[in-house]
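J.: Sharing a structure, written as structure tokens. Questions coming.
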Amino acid sequence: MPSASSTFLDSKTALEYLKTYDHSDGLSLEELMDSRVHGGLTYNDFLLLPGEIHFPASDVIIESRVTRNVVLKTPFMSSPMDTVTEGEMAITLALLGGLGVIHHNQTPASQAAMVRAVKRHENGFISDPVVLSPSHTVADVLDIKARLGFCGIPITDTGMVGGKLVGIVTSRDIQFREPSTSLSDVMVTDLVTAPQGITLSEANDILRDSKKGKLPIVDSKGHLITLLARSDLLKNRSYPYASKNPETKQLYAAASVGTRLADRGRLALLVEAGLDIVVIDSSQGNSIYQVDMIQYIKGKYPKLEVIAGNVVTREQAASLIAAGADALRVGMGSGSICITQEVMAVGRPQATAIYAVSEFSNKFGVPVIADGGISNVGHIVKALTLGASAVMMGGLLAGTEEAPGGYFYHEGKRVKVYRGMGSLEAMEQGKPGAQIQPKTNGMQSASDKYPSPKTDNTLENAATSRYFSEDSAVKVAQGVSGDVQDKGSVKAFVPYLFVGLQHSFQDIGVMNISQLREGVSTGKVRFELRTASAQVEGGVHNLNSYTKRLFA
């Protein structure tokens, strides 16, 4: 038997010998995504190869730029679907570092109310506080509490910002009082205030030490200028990653609109309510209608961030980038309830679409949002690796407590309705008797929190306009309606996604998205194609039964 020394290389030279190979193990991204060789790929068709771990997972930062001018602490967005995102989802995701896009399959007034609720949920200096006068009554305060959810209200002599501050009313002041009682009889006049020009940090210190709920900011003559709320201090501590406008310190609010002329009036209401980001919601974004809408928005609302789409090719992307889009949604037919590829024979496998569009759009500083096909943490990692700056999730967030609609039981499982915006059910929304889902056990849609004016009895159907550019006698469904199992609260689910991303980045050997992009571009981050049998091997197999628990 030959000796080890004459057969094997010296183990101490392993790293040096590795350099003698003419290429690294696996494939580069360009090699992997060559559609002329491999065809179009989806997320499950490939894996990333592991890198070197030299840092703890907790050091990973997943902050990302999701539009030209908006940076989020987490790259998570919710889809503008009427069974996914309304006010509650948008607020919760923003507090957790993401962004919820409020759907427009509802009246403009109702959608604007949801945007307003997001903007008022958390503030720095509140530049437009609700103000009353001493002649208002307890009934007025109760009405504000019912509509807006708070009742700590400054009182000025004019009932307006800029009037002389004379008192403040809180929930304790109106308890056990008749609705007709004048606020002059119940308001607190011994006030703690701060002078105009004070910094937010200094004001927070005064508010903390005063143990008051509100801190009015006044000028040298005692006129009310702005307001600060103690509840926001608590939120800042509880939600350190919250997605906030750096100037106003309010949560970012995003909402969708269509491309018809009526959507311009809708958009005006949304902007008035404080909208930061508008998503132009079209199934096929490369159209003259969307180009016109982008140009209109950029001309009338230059500070509004515009997310355009959907697109799956660089030719589609070029038209929208040239029109002024600040980000692009990528995906056509890849959603779990979307049947566009099946019915229309149009679309593209999602992984290939993200790679092709992001390779082009990132040259112009226009981020890409991967929209559709996300069903687990691994898919999020792959989307970011392919060039996306964020992922938009529908089915993954549907069924959570914050999603619209009530729970009901189907075959012994607690579920919520989830439907595609191209489904016939979504297109019929607004017709007499149409509902997002049966109202079961007294639970109703989250839309009920943001009622439209009673005089507005018609509901523009955004689902129909999203898929049809003219009045069609027959509507062809491009989505389906079903149900999804109860997933619990987004407040537990999103942190699971966050931690999962950190561990995935650690396995790859990168500490942030910038390092990931650099590793991909230099060929350091490597990939491997997966055969059908390899995909089976990578999942749970050869068990009689099992329980799949994703987080605790």
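All positions are counted from 1 along the displayed chain.
Glycine is no exception: its Cβ is also placed from the backbone N, Cα and C atoms.
Here's the feature list from TrEMBL:
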type     : residues                                                                                       : note
BINDING  : Asp281, Ser282, Ser283, Gly331, Met332, Gly333                                                 : NAD(+) binding site
BINDING  : Gly333, Gly335, Cys338, Ser533                                                                 : K(+) binding site
BINDING  : Ser336, Asp371, Gly372, Gly373, Gly394, Gly395, Tyr418, Arg419, Gly420, Met421, Gly422, Gln478 : IMP binding site
COMPBIAS : 437-447                                                                                        : compositional bias 'Polar residues'
DOMAIN   : 125-186                                                                                        : domain 'CBS'
DOMAIN   : 187-243                                                                                        : domain 'CBS'
REGION   : 430-456                                                                                        : region 'Disordered'
J.: Among the binding-site residues listed here, Ser283, Ser533, whose Cβ has the fewest other Cβ atoms inside 10 Å?
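T.: Least crowded of the binding-site residues Ser283, Ser533, by Cβ count within 10 Å, is Ser533.
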J.: Taking the binding-site residues one at a time (Gly331, Gly372), which has its Cβ surrounded by the most other Cβ atoms within 10 Å?
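T.: For the binding-site residues Gly331, Gly372, the Cβ with the most other Cβ atoms within 10 Å is Gly331.
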J.: Using a 10 Å radius around its CB, how many other CB atoms surround Gly333 (NAD(+) binding site)?
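T.: Its Cβ has 26 other Cβ atoms within 10 Å.
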J.: Could you check the binding-site residues Asp281, Ser282, Met332, Gly394 and say which one's CB has the most other CB atoms within 10 Å?
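T.: Per the Cβ count within 10 Å, the most buried is Asp281.
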J.: What's the CA to CA span in angstrom from Ser283 (NAD(+) binding site) over to Gly372 (IMP binding site)?
T.: 12
J.: How many of the residues that make up the domain 'CBS' (125-186) does DSSP mark as helix, as strand and as coil?
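T.: Result for the domain 'CBS' (125-186), in helix, strand, coil order: 18 helix, 14 strand, 30 coil.
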J.: Given Gly331 (NAD(+) binding site) and Ser533 (K(+) binding site), what distance in Å do their CA atoms have, once rounded to a whole number?
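T.: The Cα atom of Gly331 (NAD(+) binding site) is 26 Å away from the Cα atom of Ser533 (K(+) binding site).
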J.: Compared by Cα position, which of the binding-site residues Gly372, Gly394, Ser533 is the closest one to Met332 (NAD(+) binding site)?
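T.: Out of the listed candidates, the nearest Cα belongs to Gly372.
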J.: Would you mind pulling the longest C-alpha to C-alpha span across Asp281, Ser282, Ser283, Gly331, Met332, Gly333, which the record has binding NAD(+), in angstrom?
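T.: Among the residues the record ties to NAD(+), max Cα distance equals 14 Å.
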